[in-house]
C-alpha cells in the first residue's frame, strides 16, 4: 500500500463533558495530555442525546446510537423511537408478526414466552413495549403468556427493579394475561463477550425450569437478594412461582430492541452450530420473534425489520478509494463496525478490522485499564505502517468502568486513557497524521446521583467533546451534534459529503496570512 499520513478518529466511549467537578471522574483524574490539548487545540461540544441523535427528547445517549450517528452523518430515527411511535399511532397493535404468532398459538394451544429487560432505561429495551404486548394479548383474548424478566441496574439505578415491577403489576391488573415465571440479572442473560458460563444457567432456567432458588413472587426474591447485597444487574437466574419452561411448539418473543446484548441468548435457541455449552434440551419453537433484527445469521421472525442506510462514512471512504481500519476491544468492536456502518453487516472494500480481546474479569473496575495498552500498541503499529488513510478506533474504558459505579477505578481508567492518547499522538506526529477525538455519549463525568443516593451507573445526557489535534484547521461553530463528525472528517480529507449526510462541516482550513 502507499504511504499515508493517517487521520485517526478516536472515540472515547462514555467520556462526557460536565462543568460540575463533583462526582466527575474525568475532572478528578490527572490528565496532562488532555489538559494541554483542551488549552491549546481547537475544540467544541457536541450534543449526543435526545432528538439530535434520533431518540426521544431528553433520553440519554448510548453506544449503539452514538456510533450510528457518528458514522451516518444524519439523524436516524432509532428503533426505540420507531417502536414508541408505532405504539402511539396504533401500528404496534396491528403488527402482522404479533398477530400471526398469537393466532398460531391459540390454534395449537401452546404458550408465548416473553423475555427481555424490564427497564425504563430505553437503551436495550423499554418496559412500555412489554406493556403494549400485554395489552395486545389481552385484546386478542390470549392468556397463555409467561414472562421471563431480566433486571437492569446498569442503565437505571442499581436497585430499581421494584419500581418497574410495581408498574408491571399495575399493567397485569388491567390486562391479566400473563404470569411472571423467572427473573435474572442482565449480567447473566445479556452477556455479549462469549462468557457462556453466565448464559448457561439462564438457558437451563428457561428450558428446564432449573434454578438454585425459587420464590413465590418476584418481589420476595428481589428483597432477599438486596438483603444479601446483590443488586438488580447481578440477580442470579431465579424461578418464580410455578415452573413454566419453554416447551416444543411454544413461541419466544424477545422484546429487547438493541441487538448486541440479545444475540448470545438468541443463538442458544437458534444457532444450529452452537458450541457455547451443552444444551440438555432444545425446544422446537413455533416462532422466535425478535423486536428488531439481531443478526442476519440468526433467523428470528423480526417485528421491526431494519431500515437500510446508504452513504455512511465507511462507504464514502471506500468509494473514494481510501483505506480504513476499524479497531476496538471486544466490548466495543460491534460499535466501530456494525453500528458505525449503519447497522450493516457487510465490510466495505479496503476496510480492515482488528479486535483486541477484552480482559476476562467479572467487572471492569477490577482492571480499569481493560485492554487499552494492547489496543494502543496495535493502533500505533497501524499508524506506523502508513497503510491506512483513516483509522477509526474506540477506547471502552470511560464507559465500561463508569458502568460499575466505582469512582476510584474510573479515575484510574481515565488516567490510563490519557497516557494512551499521548502515545498515539506521538506516533501520528511522527507520521504527519491528524487526530480527531470525540465520544459517543457521557458516563464517567457523573458517577453519583444525589437524587437516588446511589452510584450513577447509567449514561448521561451531557454533551461530548470534539477536539482536533494536528494544526492548520479551526472550528467554525461553537457547538454541534454527533451527525456533524462525518462531514467534518471528510472535509479534512478534501471530500465533499454526500447529500444523504445532513450534518454540517464544522472544520475549516486556516487562511494563510498574506
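Just so it is clear, glycine is given a Cβ too, placed from its N, Cα and C backbone atoms.
Together with 63, 440, 441, Swiss-Prot lists one candidate of 13, 21, 103, 484 for binding Mn(2+) 2, that being 13.
Swiss-Prot lists 399, 403 as Mn(2+) 1-binding residues, and of the candidates 373, 389, 459 the one it assigns to that same site is 459. Among the candidates 28, 47, 332, the residue that Swiss-Prot names alongside 124, 154, 155, 186, 192, 258, 259, 260, 261 for the substrate site is 332. It is 155, among the binding-site residues 13, 155, 399, 440, whose Cβ has the fewest other Cβ atoms within 10 Å in the structure shown. Taking Cα separation as the measure, residue 63 (active site, phosphoserine intermediate) is nearest to 441 of the binding-site residues 259, 399, 441.
Of the listed binding-site residues 124, 192, the Cβ environment within 10 Å is emptiest of other Cβ atoms at 192.
Taking Cβ-Cβ distances under 8 Å and a sequence separation of 6 or more, the neighbours of residue 459 (Mn(2+) 1 binding site) in its chain are 14, 49, 60, 61, 62, 123, 155, 399, 441, 442, 443.
Each of the binding-site residues 261, 441 was scored by the number of other CB atoms within 10 A of its CB, and the lowest score belongs to 261. Separation of the C-alpha atoms of residue 192 (substrate binding site) and residue 403 (Mn(2+) 1 binding site): 15 Å, rounded to the nearest whole number. Ranking the recorded positions 63, 259, 403 by C-beta neighbours within 10 Å puts 63 at the top.
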